[in-house]
């Protein structure tokens, strides 16, 4: 039986786990063994960790847990996209999405319950900010998804070789602004990269930010993974409206931060994400302005057709307009992709499942009834 003050071992990266084992009087190699059991063999308890001394297993049973996020619902799209809704307590939920492709499998991971940045086109931002996720809640999304996907394919837990791994890429592009939860996100990403955990390369872990400039610099100094920047506008006036954080860190400051980051980045370009909004930011003139503002930053563009949601007041750009916009960028020699819409039959926009939970919670608070996450049957 664990004590009320037990620690969740998923909260520790390698350094933290060494320190914790040291506090139990154990040598550093025990931390490596423990980490492999947790993150490579999906161990849920300590009794099965047969290469750990029985005395250590007994210590751990009295002091520690391997506490996973609670799955509220699991949805599978006709195109293979899979979305989990994770209950993080107090009527809050976050989403984790797996996107299978022919040569890779990408997991989109959330870092916060809600988001304080409040981008105009983002469903999550409309919910407001509830709290930061813990390291355990962040890395737990990858652990949950990797082993659930392996089980669905009949693959056993074990060291994450290329033949066994299902999740080949992680993008910190789910709910929340990762750089506003830096102290929990970075240890989680260290585990993603650790060969004794998930063993992904820095090129295969991408953090997406709306432009928290000071933390971009810190990330570059401490853990430079691939970087994506949510740009969405080619000038400060429009970006102030679409991405309010721009008022604090305007485009000139943001572009300078991107240049600094590239000096240490695992890739030689920044990915700029650009949500295509009909009549707002999608003209050829906007595209030319975009080229001008990013001219000193080696980059590629990822154009994202807007996923409509209630109360946004926005419309997705027409396919032909997206094509014209993209062509301006391509003609200038900039690599440009248009994101495919995936999983429309299970959720039209990131944050909508969690938003429905939030709406039910608010209704419960008004009516005095108990809030509860209701499981949604997989499609």
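The backbone N, Cα and C atoms fix where each Cβ goes, glycine too.
As annotated by Swiss-Prot, active site, proton acceptor applies to 95, with the evidence given as sequence analysis.
Positions annotated as domain 'Radical SAM core' by Swiss-Prot, on the basis of sequence analysis: 101-345.
Look at residue 108 (disulfide bond): DSSP puts it in a strand. According to Swiss-Prot, the feature disulfide bond maps to 108-350.
According to Swiss-Prot, the feature [4Fe-4S] cluster binding site maps to 115, 119, 122, an assignment based on sequence analysis. Taking Cβ-Cβ distances under 8 Å and a sequence gap of 6 or more within the same chain, the neighbours of residue 119 ([4Fe-4S] cluster binding site) are 125, 210, 230, 232, 242, 243, 244.
Per Swiss-Prot, S-adenosyl-L-methionine binding site is recorded for 176, 177, 208, 230, 231, 232, 307. Residue 208 (S-adenosyl-L-methionine binding site) falls within a strand when secondary structure is assigned with DSSP.
The feature active site, S-methylcysteine intermediate is assigned by Swiss-Prot to 350.
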| task | Look at each of the recorded positions, 95, 177, and point out the one with the fewest other Cβ atoms around it within 10 Å. | result | 95
| field | residue 307 (S-adenosyl-L-methionine binding site) as reference: those recorded positions from 95, 108, 115 with C-alpha within 10 Å of it | value | none
| query | Looking only at Cβ atoms, how many others are within 10 Å of the one on residue 230 (S-adenosyl-L-methionine binding site)? | reply | 26
| request: Have a look at the recorded positions 95, 115, 177 and say which one has the shortest Cα distance to residue 108 (disulfide bond). | output: 95
| field | Chain-internal residues, separated by at least six, CB under 8 A from residue 208 (S-adenosyl-L-methionine binding site) | value | 171, 172, 173, 178, 227, 228, 229, 230, 273
| Taking just the CA atoms, what is the gap between residue 177 (S-adenosyl-L-methionine binding site) and residue 122 ([4Fe-4S] cluster binding site) in Å? | 12
| request: Do me a favour and check the Cα-Cα span between residue 176 (S-adenosyl-L-methionine binding site) and residue 122 ([4Fe-4S] cluster binding site); whole Å is fine. | output: 10
